[in-house]
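Only one structure is covered here, and it is reproduced in the block below.
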Amino acid sequence: MKEHIQKKLSDSKTARWSAMLIVSFTMMCGYFLTDVMSPLENLLTTQGKVVYFTDDTSMSADSLITKVKLFSAASALSEPELAVEKLEEGMNLKYMDSVDGIQTEMEKTVSAVAKGEGWSSTEYGFFSGAYGMINVFLLMLFFGGLILDKMGIRFTGTLSCGLMLAGALIKWYALSTDFGGSMLFGMNMQVALASVGFAVFGMGAEITGITVSKVIVKWFTGKELALAMGLQVAMARIGTAIALGVSLPVARMMGAVSYPVLFGAIALCVGFVSYMVYCVMDRKEDASEVAVRQEAGEKEEEGFRMADLKQIFGSRGFWLITLLCLMFYAGVFPFLKFATKLMIFKYGVPESFAGLIPALLPFGTILLTPLFGSLYDRIGKGATLMLIGSVMLTVVHILFTLPVLDYWWFAVIVMVVLGIAFSLVPSAMWPSVPKIIPLKQLGSAYAIIFYIQNIGLMAVPWLIGWVIDRFATLRDASGTITGYDYTVPMAIFSLFGLCAIVIALMLRSEDAKKHYGLEEANIKK
Ligand SMILES: C[C@H](NC(=O)[C@@H](N)CCCCN)C(=O)O
């Protein structure tokens, strides 16, 4: 009689890659919503109607009307009726402007009109950092990790997807409502409410993040772990890239900043459903695992105990990975929040294309993260990959700081290099954690890493927003903003890179001492 050998569902290639694709899609929708506001910084920080022209420039409606009226009075044209509310797509406007110091007659055709929200850079920075606020101050990520290890993947993932959706809807409501100047917590009501929404969303997104990491480890340990993690991160980056590339065109087309958020919330509903489908697979995987154990006469693995936290906190390797994560990601995700405006004001890129250059960064990582992940699976060298990525991050930020080569093509090259760095470090960092921390404590370990990382994701945008208002905003004698000088904010980002290099060096030497295996291949032959 043929012997029947019980197999786990995850032993089937099709099943485990399907599970990976399904949860990654949910995460992709989350990443889209995380970055959907980044290209809208200029629109959010402009007061009143913003008018876009067919030549790809934008102007505040008030200053434009003043110019058109001055011109019509001087040239006896009759435009006295023209007012901000009357500006519409297709209108042809004549006015005088200074070109190289000479007053010149200009003519522009309006291509789109959108509503600017008049936030300050500090408010924009506060809103962007709100993502990590609940995670950090209410320790929600930490508790999320404990819930994940205690209650399991299905319960935690469903809860966190629900939180993401609720947060996205609050944010959409705040951005689509005119609060008529009312205040909340001593702050512009719209900024405060949008920040609350983003904070709830951020709590859900981060807990979903650790849950998805645990899902991948569950299905891929001993198999193509780093490749699977790389592909999951790559799909998440597609979400970021789409957000950076399409958010501004959508806001311009629809005339308001709230629409890209609404589309993201609709996509997230589909992501929620796809997570429900994963839950069915997860149940089957658990059942097949129990059957394998019974056949082999093995006992069920011990669950997570609070005492296990001591083992995590006591590991020096764990702390070095955590600090590297804090410094490296502080130099990337918060940078993306400000990068579109940097392209406009440092590199002179027209606003409608400006989001496309930062979008190159996640696009590059879509191919490279799985590639480096598979490299790590086969040949190892994880600690070295993280060191090289940190060096590249630092060089890139120094180049963005210096007042040299302020051309759009140079920004493109530098952004591509940053994309390579942003593939190297995550592809080696996340699959390295299970080499230091055992599986049953992994939810908590990822949660603590994400918790510390969130301090950076929250505080860095706050700091940079404030620094832009204080040290980077250029004004004329009347106080009107004339441009931005990004030297100080970019120097701060370079410092994060330098710290990352030092920590990556320490991690490599710790690995050599403790033999975590970070330089070894993941696939055992
Ligand atoms: C996998 C890893 N995820 C994170 O670091 C998250 N804690 C932060 C996500 C922020 C999304 N803009 C990664 O994306 O490399």
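Glycine is treated like the rest: Cβ placed from N, Cα and C.
Per TrEMBL, the features are:
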TRANSMEM  15-34  transmembrane segment
TRANSMEM  124-148  transmembrane segment
TRANSMEM  155-175  transmembrane segment
TRANSMEM  187-213  transmembrane segment
TRANSMEM  225-251  transmembrane segment
TRANSMEM  257-278  transmembrane segment
DOMAIN    317-525  domain 'Major facilitator superfamily (MFS) profile'
TRANSMEM  318-336  transmembrane segment
TRANSMEM  356-376  transmembrane segment
TRANSMEM  383-402  transmembrane segment
TRANSMEM  408-433  transmembrane segment
TRANSMEM  445-468  transmembrane segment
TRANSMEM  488-507  transmembrane segment
Folded-back contacts onto the transmembrane segment (15-34), same chain, C-beta under 8 angstroms, at least six residues removed: 9, 131, 157, 161, 164, 168, 201-202, 204-205, 208-209, 211-212, 215-216, 219-220, 223, 228, 231-232, 235-240, 242-243, 261, 264-265, 267-268, 270-272, 274-275, 277-278, 281-282, 285
Long-range neighbours of the transmembrane segment (383-402), counting only residues six or more past its ends (CB under 8 A): 324, 327-328, 331-332, 335, 342, 346, 372, 375-376, 410, 414-415, 417-418, 420-425, 427-429, 432, 486-487, 490-491, 493-494, 496-498, 500-501, 503-505, 507-508, 511, 518-519
Long-range environment of the transmembrane segment (318-336) - Cβ separation under 8 angstroms, sequence gap at least 6: 35, 38, 128-129, 240, 244, 312, 358, 361, 386, 389-390, 393-394, 397, 418, 422, 425, 429, 432-433, 436-437, 445, 448-449, 452-453, 455-457, 460-461, 464, 493, 496-497, 499-500, 503-504, 506-507, 510
Other parts of the chain folded back onto the transmembrane segment (488-507), taken as Cβ under 8 Å at six or more residues beyond its ends: 317, 320-321, 323-324, 327-328, 330-331, 334-335, 338, 342, 383, 386-387, 389-391, 393-398, 400-401, 456, 460, 463-464, 467-468, 471-472, 518
Mean of pLDDT values spanning the domain 'Major facilitator superfamily (MFS) profile' (317-525): 91
Cβ pairs under 8 Å between the transmembrane segment (408-433) and the transmembrane segment (225-251), at least three: yes
Distal contacts, the transmembrane segment (225-251) - CB-CB under 8 A, six or more residues away: 16-17, 20-21, 23-25, 27-40, 43, 114, 212-213, 216-217, 219, 257, 259-260, 263-264, 336, 340, 351-352, 354-356, 358-359, 361-363, 365-367, 369-374, 376-377, 426-428, 430-431, 434, 522
For the transmembrane segment (445-468), sequence-distant contacts whose Cβ falls under 8 Å of one of its Cβ atoms, 6 or more beyond its ends: 121-126, 128-133, 135-136, 139, 141-142, 144-146, 148, 202, 206-207, 209-210, 213-214, 312, 318, 321-323, 325-327, 329-330, 333-334, 337-338, 433, 436-437, 484, 486, 488-489, 492-493, 496
Cβ contacts under 8 Å made by the transmembrane segment (187-213) with residues that lie 6+ beyond its boundaries: 23-24, 26-27, 30-31, 33-34, 117, 119, 123, 126-128, 130-135, 140-141, 144-145, 147-148, 153, 156-157, 159-175, 177, 179, 181, 229, 232, 430, 442-443, 446-447, 450, 454, 457
Two-stretch contact, the transmembrane segment (257-278) and the transmembrane segment (155-175), at least three Cβ pairs under 8 Å: yes
